[in-house]
Amino acid sequence: MKETIVSGIRASGRLHIGNYLGALKQFVDLQNAGDHNCYFFIADLHALTTPFEPKELSQNTLEVAADYLAAGIDPDKATFFLQSQVMEHVELGWIFNCLTSLGELQRMTQFKDKSKQHRETINGGLLTYPTLMAADILLYKPTAVPVGDDQTQHVELTRDLARKFNNRFGQTFPEPKTFLRKPLRIMSLSDPMKKMSKTGDDPSAPLGAGALMLDDPPEEILRKLKKALTATDAKEKSPGVANLFLLLDHFGTKDQIKQFSEQQKKNTIKYSELKETLAHQIADHFGKFRTKKTQLLNNPTQIKNTLVTGAAKAQKIASQTLSEVKQKIGLLRSP
Ligand code: TRP
């Protein structure tokens, strides 16, 4: 039997190259390797824990779904769905809420950070984020959960919950491992001391100037790269230059990498040339992606149908786990 992996995706809108190299690409590779049963879902219920606008939420969800599908998530190979369409997530989440102490939830780093950021709007969902996440995971009884390093504490809580549950109610859940993504930090083009993100750049720069979005057209990629910060008075590579080289490692040819590294050592490098090469390579790399994404977004009904089919597939497994849980904890079931 194949081992199962589960991972959730934040529904925060269009994805950038940092998201792609850090997560999306890994999911597609795992799916294509074919040795795992893959469950990937968009965590739209988790998106409600921080301030949101209804129109943006649905549009962002569609965008992220299109990004994943265009990048190669194949609904025939992986189970791809929306969290909010498999109600078992919420039901098991509630049960887990009742098995988790308030102290444990209050100690979570993400809760502490986010409640500082959103001081006026701390809601119950922010506190119980990890129990919903534990339900997301354990419903599918996976052996591993691919996440970024900011999520390891949540996976630990999931393991603790699984262990506690098994001890008290009988063996039910595996204790899934964290499958850490390669730590990879693509930095902002406009502020290379910060991680690439759609927001959070230099506030004087236009929004998103530091991030290359996956569907940016070639001229936009070139424009953003041309503006990328490289200046420094240090002899070493500046953070901005190091970031360009990191991108070149992923998108350049062997010859290009060699050529620019040598020029860098000899101090003959022209950053404008490096940037143009990179822009060309990146635009090329995502050419098919852009076409596919445009096609997908022209037909949102098709995306929605794909998600509904995925949810039905997920629900088959989720409902089995949930009824096992209900029985074990003593909820009376229909005869
Ligand atoms: N919390 C995860 C993140 O912010 C998203 C997520 C929700 C998730 N549920 C999950 C990840 C279950 C892995 C498994 O990235």
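Quick reminder: no glycine exception, Cβ is built from N, Cα and C everywhere.
The feature ATP binding site is assigned by TrEMBL to ARG10, ALA11, SER12, GLY18, ASN19, GLY148, ASP149, ASP150, ILE186. ASN19 (ATP binding site) falls within a helix when secondary structure is assigned with DSSP. Cβ neighbour count for ASN19 (ATP binding site) (all protein chains, 10 Å cutoff from its Cβ): 25.
The feature L-tryptophan binding site is assigned by TrEMBL to ASP136. Counting only same-chain residues six or more apart in sequence, the Cβ atoms lying under 8 angstroms from the Cβ of ASP136 (L-tryptophan binding site) belong to VAL6, GLY8, PHE41, ALA43, GLN83, HIS89, GLY93.
Same-chain neighbours of the motif ''HIGH' region' (11-19): 42-44, 47, 56-57, 59-61, 63-64, 67, 185-186, 195-198, 211-215, 247, 282, counting only residues six or more beyond its ends whose CB sits under 8 Å from a CB of the stretch. As annotated by TrEMBL, motif ''HIGH' region' applies to 11-19.
Ligand 1 lies within reach of ARG10, ASP136 from the binding-site residues ARG10, SER12, ASN19, ASP136, ILE186, judged by a C-beta closer than 6 angstroms to any of its atoms.
Long-range Cβ contacts of SER12 (ATP binding site) within its own chain (separation 6+, distance under 8 Å): ALA47, ASN60, VAL64, LYS198.
ILE186 (ATP binding site) carries neither a helix nor a strand DSSP state and counts as coil.
Across all of the motif ''HIGH' region' (11-19), the predicted model scores a mean pLDDT of 86. Neighbour density for ASP149 (ATP binding site): within 10 A of its CB lie 10 other CB atoms from the protein chains shown.
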